[in-house]
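Report on the following structure.
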(Lines of atoms letter the chains of each structure in order from A; the text may use other names.)
(Lines give C-alpha, C1' and ligand atoms only; values in the text may rest on other atoms or scores of the structure.)
Protein backbone atom coordinates (compact mmCIF):
# COMPACT_ATOMS: atom_id res chain seq x y z
CA UNK A 1 0.00 0.00 0.00
CA UNK A 2 1.21 3.52 -0.70
CA UNK A 3 0.09 7.03 0.16
CA UNK A 4 0.82 10.52 -1.22
CA UNK A 5 1.15 13.40 1.25
CA UNK A 6 1.76 17.13 0.73
CA UNK A 7 4.19 19.04 2.95
CA UNK A 8 3.63 22.83 2.62
CA UNK A 9 6.25 25.44 3.50
CA UNK A 10 5.71 28.12 6.14
CA UNK A 11 6.65 31.76 6.49
CA UNK A 12 6.90 33.84 9.66
CA UNK A 13 4.78 36.99 9.55
CA UNK A 14 6.22 37.96 12.94
CA UNK A 15 9.13 36.43 14.84
CA UNK A 16 10.42 37.54 18.23
CA UNK A 17 12.96 35.96 20.57
CA UNK A 18 12.33 36.62 24.26
CA UNK A 19 15.42 35.07 25.82
CA UNK A 20 17.52 31.94 26.26
CA UNK A 21 16.10 28.99 28.18
CA UNK A 22 17.88 26.71 30.64
CA UNK A 23 17.58 23.81 28.17
CA UNK A 24 19.70 25.74 25.63
CA UNK A 25 16.79 26.62 23.34
CA UNK A 26 15.50 30.16 22.88
CA UNK A 27 12.07 31.29 24.05
CA UNK A 28 10.22 32.52 20.97
CA UNK A 29 6.93 34.18 20.14
CA UNK A 30 6.05 34.07 16.47
CA UNK A 31 3.25 33.87 13.94
CA UNK A 32 3.57 31.28 11.20
CA UNK A 33 1.33 30.58 8.23
CA UNK A 34 1.48 27.97 5.47
CA UNK A 35 1.97 28.82 1.81
CA UNK A 36 1.20 26.98 -1.42
CA UNK A 37 4.76 25.77 -1.98
CA UNK A 38 4.98 22.13 -1.02
CA UNK A 39 7.13 19.04 -1.11
CA UNK A 40 5.36 15.83 -2.06
CA UNK A 41 6.02 12.59 -0.23
CA UNK A 42 5.16 9.07 -1.34
CA UNK A 43 5.02 6.61 1.55
CA UNK A 44 5.14 2.94 0.58
CA UNK A 45 4.81 0.15 3.10
CA UNK A 46 7.68 -2.36 3.15
CA UNK A 47 7.47 -5.91 4.46
CA UNK A 48 11.03 -5.64 5.81
CA UNK A 49 11.60 -3.77 9.07
CA UNK A 50 13.57 -0.78 7.72
CA UNK A 51 13.23 2.89 6.77
CA UNK A 52 14.31 4.00 3.31
CA UNK A 53 14.59 7.63 2.12
CA UNK A 54 14.69 8.34 -1.62
CA UNK A 55 15.07 11.71 -3.36
CA UNK A 56 16.53 13.10 -6.58
CA UNK A 57 17.71 16.16 -4.63
CA UNK A 58 21.35 15.65 -3.62
CA UNK A 59 20.93 17.95 -0.61
CA UNK A 60 18.36 15.65 1.00
CA UNK A 61 20.08 13.22 3.43
CA UNK A 62 18.95 9.59 3.18
CA UNK A 63 19.78 8.63 6.76
CA UNK A 64 18.79 9.68 10.29
CA UNK A 65 19.86 13.28 9.66
CA UNK A 66 16.63 13.49 7.64
CA UNK A 67 13.67 14.64 9.76
CA UNK A 68 11.23 12.43 7.81
CA UNK A 69 13.45 9.45 8.71
CA UNK A 70 13.37 10.56 12.37
CA UNK A 71 9.56 10.82 12.25
CA UNK A 72 9.21 7.27 10.90
CA UNK A 73 11.73 5.94 13.44
CA UNK A 74 9.90 7.67 16.31
CA UNK A 75 6.54 6.12 15.34
CA UNK A 76 8.10 2.67 14.87
CA UNK A 77 9.73 2.78 18.31
CA UNK A 78 6.81 4.32 20.22
CA UNK A 79 4.18 2.00 18.78
CA UNK A 80 6.27 -1.12 18.19
CA UNK A 81 5.64 -1.14 14.43
CA UNK A 82 7.41 -4.08 12.79
CA UNK A 83 6.74 -3.03 9.19
CA UNK A 84 9.04 -0.76 7.22
CA UNK A 85 8.47 2.21 4.94
CA UNK A 86 10.02 3.71 1.83
CA UNK A 87 9.69 7.52 1.77
CA UNK A 88 10.23 9.23 -1.58
CA UNK A 89 10.63 13.00 -1.17
CA UNK A 90 10.00 15.20 -4.19
CA UNK A 91 11.54 18.50 -3.09
CA UNK A 92 10.01 21.79 -4.18
CA UNK A 93 10.75 23.78 -1.01
CA UNK A 94 14.37 25.01 -1.12
CA UNK A 95 16.67 23.25 1.37
CA UNK A 96 17.96 25.21 4.41
CA UNK A 97 15.91 28.24 3.43
CA UNK A 98 14.05 29.28 6.61
CA UNK A 99 10.81 27.79 5.21
CA UNK A 100 10.63 24.66 7.43
CA UNK A 101 10.97 22.25 4.50
CA UNK A 102 12.53 19.48 6.59
CA UNK A 103 10.08 20.02 9.45
CA UNK A 104 7.14 19.90 7.05
CA UNK A 105 8.45 16.65 5.54
CA UNK A 106 8.60 15.19 9.07
CA UNK A 107 5.05 16.40 9.82
CA UNK A 108 3.74 14.92 6.56
CA UNK A 109 5.45 11.62 7.43
CA UNK A 110 3.75 11.58 10.85
CA UNK A 111 0.33 12.26 9.32
CA UNK A 112 0.84 9.77 6.49
CA UNK A 113 2.20 6.90 8.57
CA UNK A 114 -0.57 7.40 11.12
CA UNK A 115 -2.93 6.43 8.30
CA UNK A 116 -0.71 3.87 6.54
CA UNK A 117 0.00 1.97 9.77
CA UNK A 118 -3.53 2.47 11.23
CA UNK A 119 -2.18 4.01 14.44
CA UNK A 120 -5.37 5.97 15.18
CA UNK A 121 -3.58 8.99 16.67
CA UNK A 122 -5.27 12.39 16.87
CA UNK A 123 -3.71 15.45 15.23
CA UNK A 124 -2.88 16.78 18.73
CA UNK A 125 -1.02 13.57 19.57
CA UNK A 126 0.89 13.80 16.28
CA UNK A 127 1.83 17.42 17.03
CA UNK A 128 3.09 16.39 20.47
CA UNK A 129 5.27 13.71 18.87
CA UNK A 130 6.45 16.28 16.33
CA UNK A 131 7.86 18.43 19.14
CA UNK A 132 10.30 15.59 19.92
CA UNK A 133 11.73 15.89 16.40
CA UNK A 134 12.07 19.67 16.00
CA UNK A 135 10.66 23.01 17.12
CA UNK A 136 8.71 23.71 13.88
CA UNK A 137 7.33 20.19 13.41
CA UNK A 138 4.33 20.67 15.74
CA UNK A 139 3.14 23.69 13.75
CA UNK A 140 3.69 21.84 10.46
CA UNK A 141 1.51 18.93 11.65
CA UNK A 142 -1.39 21.37 12.02
CA UNK A 143 -0.57 23.87 9.27
CA UNK A 144 -2.81 26.92 9.04
CA UNK A 145 -1.97 30.13 10.85
CA UNK A 146 -0.87 30.12 14.48
CA UNK A 147 1.04 31.78 17.29
CA UNK A 148 3.93 29.57 18.36
CA UNK A 149 5.52 30.03 21.79
CA UNK A 150 7.91 28.13 24.06
CA UNK A 151 10.66 26.91 21.74
CA UNK A 152 8.06 26.97 18.94
CA UNK A 153 6.13 23.83 19.90
CA UNK A 154 3.23 25.47 21.79
CA UNK A 155 0.61 26.25 19.15
CA UNK A 156 -2.46 28.50 19.34
CA UNK A 157 -4.50 28.84 16.15
CA UNK A 158 -5.73 32.18 14.87
CA UNK A 159 -7.74 33.26 11.84
CA UNK A 160 -6.45 32.86 8.29
CA UNK A 161 -4.96 36.11 6.89
CA UNK A 162 -6.53 37.65 3.77
CA UNK A 163 -5.45 35.84 0.60
CA UNK A 164 -2.54 37.36 -1.31
CA UNK A 165 0.53 36.47 -3.37
CA UNK A 166 3.75 35.51 -1.60
CA UNK A 167 6.93 36.04 -3.64
CA UNK A 168 9.95 34.15 -2.32
CA UNK A 169 13.56 34.79 -3.24
CA UNK A 170 16.40 32.62 -1.93
CA UNK A 171 20.02 33.60 -2.57
CA UNK A 172 22.53 30.86 -3.31
CA UNK A 173 23.94 30.77 0.23
CA UNK A 174 23.37 28.74 3.37
CA UNK A 175 22.65 30.31 6.74
CA UNK A 176 23.45 28.51 9.98
CA UNK A 177 20.50 28.94 12.35
CA UNK A 178 22.81 28.17 15.30
CA UNK A 179 25.19 30.97 14.24
CA UNK A 180 22.33 33.46 13.84
CA UNK A 181 21.01 32.72 17.33
CA UNK A 182 24.57 32.71 18.67
CA UNK A 183 25.12 36.26 17.36
CA UNK A 184 21.74 37.55 18.55
CA UNK A 185 22.00 40.37 21.12
CA UNK A 186 18.45 40.86 22.37
CA UNK A 187 19.07 44.41 23.60
CA UNK A 188 20.43 45.55 20.21
CA UNK A 189 17.72 44.39 17.81
CA UNK A 190 14.28 45.58 16.76
CA UNK A 191 11.55 43.50 18.39
CA UNK A 192 8.33 43.11 16.37
CA UNK A 193 4.86 43.63 17.86
CA UNK A 194 3.54 40.06 17.73
CA UNK A 195 0.34 40.86 19.66
CA UNK A 196 -0.57 43.62 17.21
CA UNK A 197 -0.03 41.19 14.33
CA UNK A 198 -2.54 38.80 15.93
CA UNK A 199 -5.08 41.64 16.15
CA UNK A 200 -4.71 42.74 12.51
CA UNK A 201 -4.86 39.14 11.24
CA UNK A 202 -8.00 38.45 13.26
CA UNK A 203 -9.48 41.69 11.88
CA UNK A 204 -8.67 40.64 8.29
CA UNK A 205 -6.69 43.88 7.86
CA UNK A 206 -4.27 43.29 4.95
CA UNK A 207 -2.68 46.75 5.18
CA UNK A 208 -2.30 46.31 8.94
CA UNK A 209 -0.52 42.99 8.37
CA UNK A 210 1.84 44.62 5.86
CA UNK A 211 2.61 47.45 8.30
CA UNK A 212 3.28 45.07 11.22
CA UNK A 213 5.52 42.31 9.77
CA UNK A 214 8.79 41.94 11.67
CA UNK A 215 11.60 39.48 12.36
CA UNK A 216 14.04 39.98 15.23
CA UNK A 217 16.65 37.81 13.45
CA UNK A 218 16.85 40.00 10.34
CA UNK A 219 19.52 42.39 11.64
CA UNK A 220 21.75 39.48 12.65
CA UNK A 221 21.47 37.61 9.34
CA UNK A 222 21.86 40.85 7.35
CA UNK A 223 25.13 41.61 9.17
CA UNK A 224 26.42 38.08 8.43
CA UNK A 225 25.10 37.94 4.84
CA UNK A 226 24.59 41.42 3.28
CA UNK A 227 23.20 39.86 0.07
CA UNK A 228 20.02 38.92 2.00
CA UNK A 229 19.53 42.60 2.90
CA UNK A 230 20.08 43.53 -0.75
CA UNK A 231 17.32 41.15 -1.88
CA UNK A 232 14.96 42.69 0.67
CA UNK A 233 15.78 46.20 -0.58
CA UNK A 234 15.30 45.13 -4.20
CA UNK A 235 11.93 43.53 -3.50
CA UNK A 236 10.79 46.71 -1.75
CA UNK A 237 12.01 48.78 -4.70
CA UNK A 238 10.00 46.62 -7.09
CA UNK A 239 6.86 47.46 -5.11
CA UNK A 240 5.94 44.58 -2.76
CA UNK A 241 3.37 45.59 -0.12
CA UNK A 242 5.54 44.13 2.67
CA UNK A 243 8.95 42.42 2.67
CA UNK A 244 10.50 40.24 5.38
CA UNK A 245 13.09 37.52 5.88
CA UNK A 246 11.58 34.17 6.87
CA UNK A 247 12.99 32.37 9.91
CA UNK A 248 16.75 32.76 10.20
CA UNK A 249 16.96 33.19 6.42
CA UNK A 250 18.23 33.36 3.82
CA UNK A 251 14.83 33.40 2.04
CA UNK A 252 13.11 36.77 1.76
CA UNK A 253 9.39 36.99 1.00
CA UNK A 254 7.15 39.78 -0.22
CA UNK A 255 3.38 40.06 0.17
CA UNK A 256 1.60 41.35 -2.93
CA UNK A 257 -2.11 41.92 -3.49
CA UNK A 258 -2.32 42.63 -7.23
CA UNK A 259 -1.56 40.07 -9.96
CA UNK A 260 0.11 42.57 -12.31
CA UNK A 261 2.50 43.78 -9.62
CA UNK A 262 3.28 40.19 -8.62
CA UNK A 263 4.37 39.41 -12.20
CA UNK A 264 6.53 42.55 -12.34
CA UNK A 265 8.28 41.77 -9.05
CA UNK A 266 8.71 38.08 -9.92
CA UNK A 267 10.27 38.87 -13.31
CA UNK A 268 12.48 41.59 -11.83
CA UNK A 269 13.87 39.29 -9.14
CA UNK A 270 14.55 36.46 -11.60
CA UNK A 271 17.22 38.71 -13.08
CA UNK A 272 19.57 38.43 -10.12
CA UNK A 273 18.30 35.67 -7.81
CA UNK A 274 18.42 32.01 -8.79
CA UNK A 275 15.46 30.68 -6.82
CA UNK A 276 12.29 32.80 -7.09
CA UNK A 277 8.74 31.57 -6.50
CA UNK A 278 5.29 33.19 -6.63
CA UNK A 279 2.71 31.26 -4.60
CA UNK A 280 -0.50 31.92 -2.70
CA UNK A 281 -0.88 32.24 1.04
CA UNK A 282 -2.63 29.08 2.26
CA UNK A 283 -3.19 29.57 5.97
CA UNK A 284 -5.65 26.65 6.18
CA UNK A 285 -5.31 23.92 8.81
CA UNK A 286 -4.59 20.31 7.98
CA UNK A 287 -7.19 17.65 8.76
CA UNK A 288 -6.73 13.93 9.30
CA UNK A 289 -8.64 11.81 6.81
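We number each residue from 1, going along the chain as drawn.
Positions of Cβ are set from backbone N, Cα and C atoms, glycine also.
Mapped onto three states, the DSSP output places residue 10 (active site) in strand. According to Swiss-Prot, the feature active site maps to 10 (among others).
Per Swiss-Prot, the feature ATP binding site maps to 94, 95, 96, 97, 98, 99, 100, 101, 102, 103, 104. The Cβ neighbour count for residue 104 (ATP binding site), using a 10 Å radius over every protein chain in view, is 29.
Residues or ranges marked as active site in Swiss-Prot (evidence: sequence analysis): 136 (among others). The Cβ of residue 136 (active site) has 10, 32, 100, 103, 104, 148, 152 as same-chain neighbours under 8 Å, each 6 or more residues away in sequence.
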